[in-house]
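Chemist: A single structure is presented below for examination.
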Amino acid sequence: MLEHLSSLPTQMDYKGQKLAEQMFQGIILFSAIVGFIYGYLAEQFGWTVYIVMAGFAFSCLLTLPPWPIYRRHPLKWLPVQDSSTEDKKPGERKVKRHAKNN
C-alpha cells in the first residue's frame with residue numbers, strides 16, 4: 001500500500017505556492033465574514049465557530065495536496081557542470097581581490 005503513496009507527486013512550484021496561499025487566506029477570510037454575519041444574526045457564537053472551522057477544513061482540502069493546478073510552472077534547473085577548481089592546485093587558482101573603498 002505504501003508504494004502507491006510514494007508515486008504521488010509532492011512538489012509545488014513557486015507560483016503554485018503563491019496561488020495556494022492566496023486561496024487559503026481568501027477562503028478563511030470569506031468564511032470568517034460569513035460566519036460572523038450568520039452568528040450575529042442567529043445570535044449564536046457557536047455557528048460562527050462552526051462556519052470558520054468548515055472554511056478552514058475546505059481551504060486545507062483545496063490547498064494542502066499538490067493538485068496539478070499548483071504544478072503548472074515547473075522549475076527549470078541548470079545542467080550539472082564539472083567543477084574544475086577541485087582539480088587545480090591551490091597555487092593555480094585565481095585569487096579574487098576586492099577593491100578597497102576609501
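Including glycine, each Cβ sits where the backbone N, Cα and C put it.
Values in this document were obtained by computation on a predicted structure and should not be read as measured data.
Under the heading region 'Disordered', Swiss-Prot lists 81-102. The annotation topological domain 'Cytoplasmic' is assigned in Swiss-Prot to 1-19, 70-102. Annotated topological domain 'Lumenal' per Swiss-Prot: 43-46, in sequence order, evidence recorded as similarity to another entry. Per Swiss-Prot, the feature transmembrane segment maps to 20-42, 47-69; the stated evidence is sequence analysis.
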Chemist: State the mean pLDDT for the topological domain 'Lumenal' (43-46).
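Modeler: Average per-residue pLDDT within the topological domain 'Lumenal' (43-46): 95.
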Chemist: Near the topological domain 'Cytoplasmic' (1-19), which same-chain residues lie under 8 Å Cβ to Cβ, leaving out any that are not at least 6 residues past its ends?
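Modeler: Residues packing against the topological domain 'Cytoplasmic' (1-19) from afar: 66, 69-75.
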